[in-house]
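Asker: So that we are looking at the same thing, I have put the structure below in structure tokens.
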Amino acid sequence: MFFFYQVEQHHIKLTMVVHVGGLVAIIFFYVLILIVGIWAGRKQKSSEKSPDTEEIMLAGRNIGLLVGIFTMTATWVGGAYINGTAEQVFSTGLLTCQAPLGYAISLVVGGLLFARPMRNAGYVTMLDPFQRKYGQRMGGLLFIPALLGEVFWSAAILSALGATISVIFTDVSMTASIIISAAVVIVYTLFGGLYSVAYTDVVQLGFIFIGLWISVPFALKNESVDSIITTWPEWRGHIDKSQIVEWMDGMFLLIFGGIPWQVYFQRVLSAKSAKNAMYLSFCAAIGCILLAIPPVLIGAIAKSTNWSMTNYDINKDITSPEATKLILPLVLLHLCPKFVAFMGLGAVSAAVMSSADSSVLSASSMFARNVWKLVFRNQASEREVLLVMRIGIFLVGAAAAGIGILVSSIYVLWYLCSDLVYVILFPQLLCVVYVPHTNTYGSLSAYIIGFVFRILIGEPSLSIPALIRFGPYIPPKTLCMIISLATTLIISLIAKILFEKRILPPQLDILHCLVNIPNEVLPLKESVTTDELQQQYRLVKPKSTTTIVATEQQCLSEPTMMINSSYLPSQDTLNIYPNS
């Protein structure tokens with residue numbers, strides 16, 4: 001009796017030591033990330049006395065190629081990326097696991113089509129070209145799906161981290177882990193902006209690489225795991241002919257819907273040159289594929305495991321949705337030594353924080369610049385914009401943490417938002433960069449029609465019934481995107497013809513973007529916020545009355561896209577030239 005008591009007491013002490021050791025390791029990791037973030041924040045030139053929002057948002061466009069590759073890769077390789085990859089390989093097989101390949105191709109396409117022109121134009125956020133061409137309020141409207149996508153994405157990955165920690169440390173609540181992780185992210189992002197985010201991404205990517213690759217050999221050598229080569233047919237997966245259209249639709253969504261995100265363009269626009277911006281996209285694509293290998297192997301290991309030979313509770317079905325979502329931490333917990341499991345958990349924590357900080361900074365940057373500054377308070381000072389951005393960092397981080405704690409179907413909400421980004425934002429981004437004749441009428445029409453069609457095709461996970469069907473051989477989401485693109489092109493062309501051919505009188509140009517343009521037109525400077533615009537741009541007077549008759553307007557010397565001044569709350573402070 002005494003012997004069994006001693007053994008039990010020893011087991012309890014050992015468990016306590018293991019848990020304490022694991023918690024110390026996690027605390028060390030969080031403190032290290034916080035220190036690196038605060039140290040990196042000191043590199044910025046902006047200060048409270050002379051604030052510079054561009055320095056905070058884009059690190060002064062001084063991110064080198066190596067750091068840029070790390071931060072771009074770390075942004076994509078998040079907690080949902082590695083957890084979701086392992087889950088997909090385990091549940092349905094490798095062939096149906098689309099995220100690694102889809103996001104890698106997305107980075108290549110983004111680098112080829114958008115990185116160079118966006119960086120050359122010197123924009124600060126993804127929404128800048130929209131507001132230059134379609135007006136501030138249209139840009140503010142396009143901010144909505146972008147914001148929701150970032151917030152729900154952050155909430156989903158924070159929730160994934162909370163679930164992972166609660167699996168390995170059963171005495172640590174999911175709520176506590178989410179709150180602590182969100183707090184660390186908010187603090188170092190507040191301190192240093194993109195500098196902190198980029199340099200902590202380097203450390204976090206190192207943790208991801210080391211933690212996951214160390215875990216794989218230990219899991220493979222576990223006696224309850226069969227050879228993954230032998231079990232290849234089981235975890236390879238299979239795509240039926242009836243699933244090909246759905247698979248293609250999902251792949252197109254990942255490739256093209258993965259481009260119009262501020263987290264991507266924040267890195268592109270922070271690069272030292274347009275060439276670097278393109279190269280870091282290509283290199284990050286390779287990084288995404290390389291860092292998908294460990295979670296793919298972990299999913300294969302889970303599929304090859306006889307779970308009855310492990311400490312896993314056999315009363316709980318390992319193939320249930322609740323268990324498959326946590327398959328990566330379950331492999332770490334039951335197939336690896338404890339110290340290895342803690343290193344793997346550090347990798348998951350790093351992956352989560354490397355994505356969450358990017359989304360928090362991106363959403364707050366867009367709000368401070370493109371909504372607060374350019375829609376509501378166009379005369380706001382740099383200090384005010386910086387204050388709003390910092391408040392936004394706190395609110396977005398707090399909102400993501402709150403949603404991660406309270407909402408059970410976050411992934412579903414994020415999935416729908418990513419659909420809206422694909423259907424609404426991608427075709428408009430394509431048009432605003434490559435199609436000169438598009439205008440606000442086409443943009444607004446496509447926004448509404450794209451949204452309506454996406455809702456009409458339904459969403460089973462949200463119990464939204466399908467009211468229209470396009471047939472078995474047509475990818476529905478991609479068709480919605482094409483309809484949105486066609487709407488932008490056709491409506492813009494029709495509006496342009498109707499007003500420029502004087503079929504409709506100028507007074508009916510209610511969006512003031514074609515002929516009924518006000519006398520003052522404020523260009524949106526690419527590199528900084530608009531309180532410096534009057535010093536950098538000049539409004540010019542038409543050279544002759546013939547020009548005035550021909551255009552019925554005074555015009556701007558800006559050669560291409562211009563912002564529509566009818567969207568400005570006030571024109572009182574603009575210095576305009578006198579009428580002749």
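A Cβ is built for glycine as well, from the same backbone N, Cα and C atoms used for every other residue.
Caution: TrEMBL annotation is automatic and unverified by curators.
Pasting the feature list from TrEMBL:
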TRANSMEM  20-41  transmembrane segment
TRANSMEM  62-81  transmembrane segment
TRANSMEM  101-118  transmembrane segment
TRANSMEM  139-169  transmembrane segment
TRANSMEM  175-195  transmembrane segment
TRANSMEM  202-220  transmembrane segment
TRANSMEM  244-265  transmembrane segment
TRANSMEM  277-302  transmembrane segment
TRANSMEM  385-407  transmembrane segment
TRANSMEM  413-435  transmembrane segment
TRANSMEM  447-468  transmembrane segment
TRANSMEM  474-499  transmembrane segment
Asker: Which of 202-220, 385-407, 474-499 has the most Cβ pairs closer than 8 Å to the transmembrane segment (413-435)?
Answerer: 474-499
Asker: Within the same chain, where does the transmembrane segment (62-81) have neighbours whose Cβ lies under 8 angstroms from its own Cβ atoms, ignoring anything closer than 6 residues to its ends? I mean 6 or more beyond.
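Answerer: Here the qualifying positions are 99-100, 103, 107, 153, 156-158, 160-161, 164, 194, 197-199, 201-202, 204-205, 208, 263-264, 267, 270-272, 276-277, 279-281, 283-284, 287-288, 291-292, 295, 348, 351-352, 354-356, 358, 411.
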Asker: Would the transmembrane segment (101-118) count as touching the transmembrane segment (202-220), i.e. at least 3 C-beta pairs under 8 angstroms with sequence separation of 6+?
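Answerer: Not in contact, no.
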Asker: May I ask for the residues of the chain that lie six or more residues beyond the transmembrane segment (175-195) and have a Cβ under 8 Å from a Cβ within it?
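Answerer: Residues 30, 33-34, 36-38, 40-44, 46, 55-59, 63, 158-159, 161-162, 165-166, 266, 270, 349, 352-353, 356-357, 360-361, 390, 393-394, 397-398, 400-401, 404-405 contact the transmembrane segment (175-195) from elsewhere in the chain.
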Asker: Taking residues 6+ outside the transmembrane segment (20-41), which of them lie with a CB under 8 Å of any CB in it?
Answerer: 165, 168-169, 172, 180-181, 184, 187-189, 191-193, 195-200, 203-204, 207, 338-339, 341-343, 345-346, 349-350, 353
